[in-house]
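Taken straight from Swiss-Prot:
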- 7-73: repeat 'BIR 1' (REPEAT)
- 115-180: repeat 'BIR 2' (REPEAT)
- Cys149, Cys152, His169, Cys176: Zn(2+) binding site (BINDING)
- 186-234: region 'Self-inhibits the anti-apoptotic function' (REGION)
- Ser198: phosphoserine (MOD_RES)
- Ser202: phosphoserine (MOD_RES)
- Ser212: phosphoserine (MOD_RES)
- Ser216: phosphoserine (MOD_RES)
- Ser219: phosphoserine (MOD_RES)
- 278-306: region 'Disordered' (REGION)
- 288-297: compositional bias 'Basic and acidic residues' (COMPBIAS)
- 318-353: zinc finger (ZN_FING)
Amino acid sequence: MRSEAERQRSFRAWPHTCRTVSPAELARSGFYYLGPGDRVQCFSCGGVLRSWEPGDRPDTEHRKFFPSCPFLQVRRGPPGGTDSVDGQILGQLSGEEPDRTWEPVCPQMAGEGDRLGSFSTWPRYANGDPQQLAGAGFFYTGHRDHVKCFHCDGGLRNWEQGDDPWTEHAKWFPMCDFLLQVKGEAFIRSVQESFFSSPETSPESVGSYEGSPVSSPGSPPVCPFLSTSVAQGALQMGFKRNRVSSLMINRFILTGSCYGSVSELVTDLIQAEEIHGTESVSVPRAPTQRERPEPPKEPAPPLSTEEQLRQLKEERMCKVCMDNDVSMVFVPCGHLVVCTECAPNLRHCPICRAAIRGSVRAFMS
């Protein structure tokens, strides 16, 4: 996808209802069509943007949310043709392979018979006909009702009665080349337009799931970075939670990495105090005569290894599907609460309810 012409070709499945921004301008700014809806991704930094509004300029939005993108930093020369990007620099700075491959991800499942054979252990309670699923390019992963496309590696689950595999394939993975070859552009475009123009799937309604971990009214949103040992170390020194949370989120969004040590975080906290005031550190005052010191509390018993592992697994679990690990950071709120499969379904952050303007893939160590 380094070629602007190749990125423009990716927009052949771009829904006609998405008229707020030009596909040509998106391709010129480094984006190719990802889907579903109006989701696009930068070929260089991997940044994803969606929910385009009238007046949005792709190049401006790209620089706003992904200022460290190698494509933006090293791009030179007039737009059009092949973008002049240093391949060596791009290889060092980009987290993903930018060139799109049209080869199947799982070639061993390229045959429909092989895919159908994978459904030998398909649960009886599961919805979805194995014959139809296999015909639409899916094979069974062996877990619950999870299936994957052999070509694009797109995964689907939680099948309901009446779901059509081809329609779901086109809805969530419109750039799959196998889907494009079999069903054609017209089918994909019709699915995209019918689904993402309906009121039930508008940006205002998608993502309002019951049971989502939404903060109660008046309470501050929970920052996932505060559970790290680095953040806990700073909090124990007396720094304010909101200041620690803000710095850690900004650091991750701007650099893609977290603070490596408490001292590094404390240095930035002190610098922030010098700019915004020194009220971040709370100094305990001596008790007055009328105050009686509280008796020391007994230390809590140490957690067992099993309990620590359980808590760690719970912290890293996707808060929507409760199955995969969290891996997507929402922009601009910075919350890290969902996996790559659930992120495309959300239009608002399930934690703070802020509108999701983009997302960045996070790789947990």
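The backbone N, Cα and C atoms fix where each Cβ goes, glycine too.
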Proximal but sequence-remote residues of the same chain as Cys176 (Zn(2+) binding site) (Cβ under 8 Å, at least 6 apart): Gly137, Cys149, His151, Cys152, Gly154, His169
Other CB atoms within 10 A, centred on Cys149 (Zn(2+) binding site): 26
Number of helical, extended and coil residues in the zinc finger (318-353), per DSSP: 3 helix, 9 strand, 24 coil
Composition by DSSP (helix, strand, coil) of residues within the repeat 'BIR 1' (7-73): 25 helix, 8 strand, 34 coil
Fewest other C-beta atoms within 10 angstroms, as judged across Cys152, His169, which are the binding-site residues: Cys152
Env. residues of Zn(2+) site, Cβ within 8 Å of mean position of Cys149, Cys152, His169, Cys176 Cβ: Gly137, His151, Asp153, Gly154, Phe173, Phe178, Leu179
Conformational class of Cys176 (Zn(2+) binding site) under the three-state DSSP mapping: coil
